[in-house]
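Asker: I have a structure here, written as structure tokens, and I will follow up with some questions on it.
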Amino acid sequence: MGTNNKLEELAISLYNIDAVKFGEFMTKIGIKTPVYFDLRVIVSYPDVMDLISVLLYEYALKDKKCDHVCGVPYTALPIATLISVKTKTSMLMRRKEAKSYGTKKVIEGHYKQGDSCLIIEDVVTSGSSVLETVTDLRKEGLKAEEVIVILDREQGGKQNLAVNNVQMKSLFTMTELIDILVKNNKITEESGKDVINYLKNVQAPQSAPEFERILLPYEKRAEFATNSIAKQLFTIMATKKTNLCLSVDLTSSTKILDLLEKVGEHVCLVKTHIDIIEDFTNDFIVRLKQLAQTFNFLILEDRKYADIGNTVSLQYSKGLYQVGEWADCVTAHSLPGEGLLKALNNSNNGLSRGVFLLAEMSSEGNLITKDYTETTVKMAAKYPEIITGFVCQKKETFKDPGLIQLTPGVQLESSKDELGQVYNTPEKVILENGADVVVVGRGIVAAKSPVSEAIIYKDTLWRCYMKRVSGKME
Ligand code: S5P
């Protein structure tokens, strides 16, 4: 029997054993649906189990090698078992409940870091269940980049998975399954069309596990970036192997330039407060740009714009500093609303420019609330071409892997200054709090030997990042 005939046979069997039902139902994530799949019943039908495993093998495993297979608990577990036995491929088992016990292993079986694992699932709606399994496998250092499913409900799951670097193949899409059932007079053409239309109109919300973004390496993140400065910064970090942003909070232009001569090779980004420099001239800008070119770093002017669009536009492009002419990116508050982002977007003179929006602050007692942070992130999503990322403190703040988390308030020891600045350690901000680029100011510029201190920061921060993307977080 050819593959197409087998698919047709499977579709009809699923219908006959009530694994697919038509009516009105509710899915796990609360979406109302006129069609429901309950593939748990297939365990009572060995012929159906056999057919499914043969088809999955032909679709996903015949021409491909993977070190392990892993079924998403629970429905796909017996299917994964059959495939494992048939193809003599090792199986891994993910515990669903281990998290609440704390110490128990989440992934059972024998494996090595870097091993590839094919994931098997019955039905995908939003992709969230698959992503939970992907995340647990990646935390163990396994490569989890492919999933094979019986049915793709075509409600956004495939896209959600792709954003998280997981390619999905399916035996049937919803449209294909309905076509077969209509052709075989199991359901009418009319009700088939109704189901398709309904499902297409009810797309699952974008969902990704909170730590997905931070497990991806910078070179991969560059592919997701929509802002050209974010793309450049990810690429610089990956090639120079540094995620250190030096905040050159010094008031003498010579001191700044002297320091950058020596540490330029160790940083990906230099952050300025141009209005604190006492001997500012245009020459300073010329030299700064030359150093940026020589050492391949970007320049962030930490101006923290916070006015109406028109004023911000003037502050950005006019006056003594003409920031828009030389700074690759700037910081801005979301407080005044979207007008500010529109102003910055329209004032770039055709140059590649970016904005880091302040979603949280490092200082004690700041007035930013959870609501403010969430609204800031939503506002930024409307300006993908200009937003480079967020100045923020927590990994939960945003999910988009194409944006950069810039985190200030970092020193080698956790501490505070006398004006409310709170310092966390590199380990904490990168491994726990999700920082992508780490801002260090006085930790380096006020050190006895700023150059050797910069190297210590660079090495420590990079080590933490490598640990994070290797998946070994504990
Ligand atoms: O929340 C913030 C946002 C910023 S941009 N907290 C901050 O400290 N910053 C800036 O980061 C601050 O203006 C300063 O330039 C730098 C931190 O400097 P440090 O000397 O405390 O490391």
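Using N, Cα and C of the backbone, Cβ positions are placed for all residues, glycine too.
No curator has checked TrEMBL annotations; they are predicted automatically.
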Asker: Can you pick which of K271, K342, K399 TrEMBL lists for the same substrate site as D249, S362, Q421, G441, R442?
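Answerer: As annotated by TrEMBL, D249, S362, Q421, G441, R442 share the substrate site with K271, chosen from K271, K342, K399.
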Asker: In the same chain, which residues outside the set D249, K271, S362, Q421, G441, R442 have their CB within 8 A of the centroid of the CB atoms that define the substrate site?
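Answerer: Nearby residues not in the site list: S247, P408, G409, V439, V440, G443.
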Asker: Rounded to a whole number, how many Å is the Cα of Q421 (substrate binding site) away from the Cα of D307 (active site, for OMPdecase activity)?
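Answerer: If we compare the Cα positions of Q421 (substrate binding site) and D307 (active site, for OMPdecase activity), the gap is 24 Å.
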Asker: Is it possible to get the count of other C-beta atoms within 10 angstroms of the C-beta of S362 (substrate binding site)?
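Answerer: Excluding its own Cβ, S362 (substrate binding site) sees 19 Cβ atoms within 10 Å.
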Asker: Output: those recorded positions from D302, D307, Q421, G441, R442 whose CB lies less than 6 Å from an atom of ligand 1, in sequence order; none if no residue fits.
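Answerer: If the test is a Cβ under 6 Å from any atom of ligand 1, the answer is D302, Q421, G441, R442.
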Asker: Under 8 Å between C-beta atoms and at least six apart in sequence, can you list the same-chain neighbours of K304 (active site, for OMPdecase activity), or say none if there are none?
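Answerer: In sequence order, T331, A332, H333, L358 meet the Cβ cut-off.
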